[in-house]
Amino acid sequence: MGGNAEYPILPSSDSGGTVAERLPASLDTVRGLACLLLVCFHVVGDTPARGLGLPAESGWHYASDSLALIRMPVFTILSGLLYGCHRASLRNIEDFAIKKLRRLGIPLLVLTLLMWSGRSLVHGEDVSLPYALTHSYEHLWFLQALLWVFAFVALVDCLARPSPVRLAMLVGGAALLSALTHTTSFLSLERAIYLLPFFLYGLLLSQLPAGFLSRRNGIAALVAALAIMAYAQGGLLGIVPRLRPGGILAFACGAAACTALLALLPRIGALATIGHYSYSIYLWHVFFLAGGRMALRAAGHEDVPMLFLASAFCGLAGPILLHRVAIRHEWSAIALLGIKPARRGLQAA
């Protein structure tokens, strides 16, 4: 989810080179869509006791649950795709490790401390601070899990630099591992195993010819994703067993959906702007949407559609404004965003 200022965004219709060399013009649009879905998910809440506090049988929860197979998979696949533009090697591994620790580790620590302290002050926190720092905590589990994923993939690239064929084998193996393995939540290791096949698929995608993201392949991927999502509706309705997020079908759905979006979605200015700030939005959206919701309710507003739209707006606009302010100083850019400002100023992340 890092910024792509250093990556060439070229028309996806140009079939020369690899996907990494000619990133699709829809990249930021897809990132923006993933951000929008994530923010809306947290506005609604993952349980009736959170977010808007709606009943479990509410249509809002049903709509949110219907998109579970594509939200985090798309984020993770795009992370793998962008990693494929600058893969780790023995020559750059030290610099790579420092940048990833700064980009992920510092915001993870800062936001965990802020979120745990804020929740403890407002309504009490159910977990201790040491637990929050060492286990999957709120949406910050993604940063912890990505540290594992980057460490593993960087090690593999330094030792073997797998070809596309071997990457495809790794994707299959990781998908099976995710489907069959249940491990500890310590340092979000279980979540890392869940993310790994999606990240590896993004890396594989980056190494394929740019023509792979053709309209024909995009339509085929869209049909596959819609078919799996249609089956998943049966699980939500209790007709068939629910798909497990780490299962093979769930992986296939996420991979197909992201492929279809990259291949078929045109550049949409508003979504591309959101996507340009995707990492900052991921880090900070929960703080702003919760603050907006609490302010509206304190003012006596309880209309659900209005709360939803206003909270979502706060969750998107707030982090963008924070980003623009934080990058003015090196200390705030590093502490709040994990970015080290360039002398000529930073672009969005």
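Each residue, glycine too, has its Cβ placed from N, Cα and C.
What TrEMBL says about a protein is an automatic prediction, not a curated fact.
Keep in mind that this is a model prediction, so the values were computed, not measured.
Copied over from TrEMBL:
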DOMAIN    26-323  domain 'Acyltransferase 3'
TRANSMEM  60-83  transmembrane segment
TRANSMEM  104-121  transmembrane segment
TRANSMEM  141-160  transmembrane segment
TRANSMEM  167-187  transmembrane segment
TRANSMEM  193-212  transmembrane segment
TRANSMEM  219-240  transmembrane segment
TRANSMEM  246-265  transmembrane segment
TRANSMEM  277-298  transmembrane segment
TRANSMEM  304-322  transmembrane segment
Worksheet entry | Segment proximity, the transmembrane segment (104-121) to the transmembrane segment (277-298), 3 or more C-beta pairs under 8 Å | yes
Item to complete: Grab the pLDDT values for the domain 'Acyltransferase 3' (26-323) and give me their mean, rounded.
Response: 96
Practice prompt. Mark yes when the transmembrane segment (219-240) and the transmembrane segment (193-212) have three or more Cβ pairs under 8 Å (sequence separation 6 or more) and no when they do not.
Written response: no
Practice prompt. Go through 104-121, 141-160, 219-240, 246-265, 304-322 and flag the stretch with the largest number of C-beta pairs under 8 Å relative to the transmembrane segment (167-187).
Written response: 246-265
Item to complete: Look over the recorded stretches 141-160, 219-240, 246-265, 304-322 and say which has the most C-beta pairs under 8 A to the transmembrane segment (104-121).
Response: 141-160
Worksheet item: With an 8 Å cut-off on Cβ pairs and a sequence gap of 6 or more, do the transmembrane segment (246-265) and the transmembrane segment (304-322) reach 3 or more such pairs?
Response: no
Discussion item. If we skip the immediate neighbours and take only residues 6+ beyond the ends of the transmembrane segment (141-160), which ones have a Cβ under 8 Å from one of its Cβ atoms?
Written reply: 72, 75-76, 79-80, 83, 87-90, 93, 96-97, 100-101, 104-105, 107-108, 166, 170, 187-189, 191-192, 194-196, 199-200, 203, 282
